[in-house]
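Since the structure comes first, as structure tokens, the remarks are kept for the end.
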Amino acid sequence: MNIHEYQAKAVLREFGVPVGHGFPIFKASEAEAAAKQLGGPVWVVKSQIHAGGRGKGKFKEASAGDKGGVRLAKSIDEVKEFAKQMLGATLVTVQTGADGKQVNRLYIEEGSDIDKEFYLSLLVDRATSRISFVVSTEGGMSIEDVAHETPEKIVSFTVDPATGIMGHHGRTVAKALNLKGEQAKQAEAMVAKLYTAFVAKDMDMLEINPLVLTKQGDLKCLDAKISFDGNALYRHTDIQALRDETEEDAKEIEASKYDLNYVTLDGTIGCMVNGAGLAMATMDIIKLYGMSPANFLDVGGGASKEKVTAAFKIITADPNVKGILINIFGGIMKCDVIAEGVVAAVKEVGLDVPLVVRLEGTNVEAGKKIIKHSGLNVLPADNLDDAAQKIVAAVKGA
């Protein structure tokens, strides 16, 4: 689960991490009061969306002005004007896609007198099952670009969970950022606090970009991005309360209500499969035959008729879907249950696109019989290769 920048900074503040002072606003009329509380003389007006590249992004609406999603204001009047322009407008960044995201909240933050910018992040290293630090002197820009163009400027290391964070980890970060004396001590203290926060809140990723050194000699997190482990949210009701569903895909939210593993993709063939591995293979073979999947959807091993019906409705709700491939290998999941769910869903929502069904495994003959006698226009398939070829041909011929 992702949260907004201002929420991430509030979480870090709980652990004593130095972050800038600011106030979130939801209406343009709140901008003046927020700016006055901060005092000035410089303010930063930041769009709050779940996507990076806000500063270099552009708004779709001409009324929002030519500047990006992060703007420097040198007067309260400018803060008010930016708030009016940005709230409700659609911001397009390198991470939002062409559709962009509507800005429904802003973060008004005090300006900082910046001397240097750094990059610092913590993430779960799946290869070592440890928390990894990634550090660079090249802050304020895409770490992917740094890795591609100047990989020697990136330092990374993992923390042994048996020992936890130790002093030498902080000193490693300080050395990587060329910090000495008092600034090195600040870095060491910050590293310990960030690690503690990461573990305590079950984070997946914590990115500070940029981490800045002010001209007063203080380290400060100028931006913060946090992603939490969804499987651990039951332990953190305070974090659950920070969820902003307007930033999430409506179909993915609906799928989560039925414990369906669903991810929206940008293709045109909807997929319903049981098992993550089989789902990946199904998407691969669709790609092999020249088309792209519209989603990843794993209904799991013990899906009910109602769950299958819900899954089918979610797929058909996507206007980009031009065909549907259902690929089920029945083990715990029975093929007749899938068939009943598909028939019920089609009769309820209708079917305007080609549908190919491949069933194999437990109760397969009963499942095929249900579909055959349903009166629906369904193309049966004998195996995965046959199913992929049939759905691709049907969509191209439609």
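Every residue number used here counts from 1 along the chain in the order it is shown.
Placement of Cβ uses the backbone N, Cα and C atoms for every residue, glycine included.
Residues GLY331, ILE332, MET333 are recorded by Swiss-Prot as substrate binders, and the candidate that the same record lists for that site, out of ASN231, ASN261, ASN274, is ASN274. Of the listed binding-site residues, namely GLU109, GLU117, ASP223, the sparsest Cβ surroundings within 10 Å are found at GLU117.
Comparing the binding-site residues SER112, ASN209, ASN274 on other C-beta atoms within 10 angstroms of each C-beta gives the minimum for SER112. Cβ neighbour count for MET333 (substrate binding site) (all protein chains, 10 Å cutoff from its Cβ): 20. Considering only the binding-site residues GLY53, GLY331, the Cβ with the fewest other Cβ atoms within 10 Å is that of GLY331. When Cα-Cα distances from MET333 (substrate binding site) are compared across the binding-site residues LYS46, GLY53, GLU109, the shortest belongs to GLY53. Cβ neighbours within 10 Å of ARG54 (ATP binding site), excluding its own Cβ and spanning all shown chains: 23.
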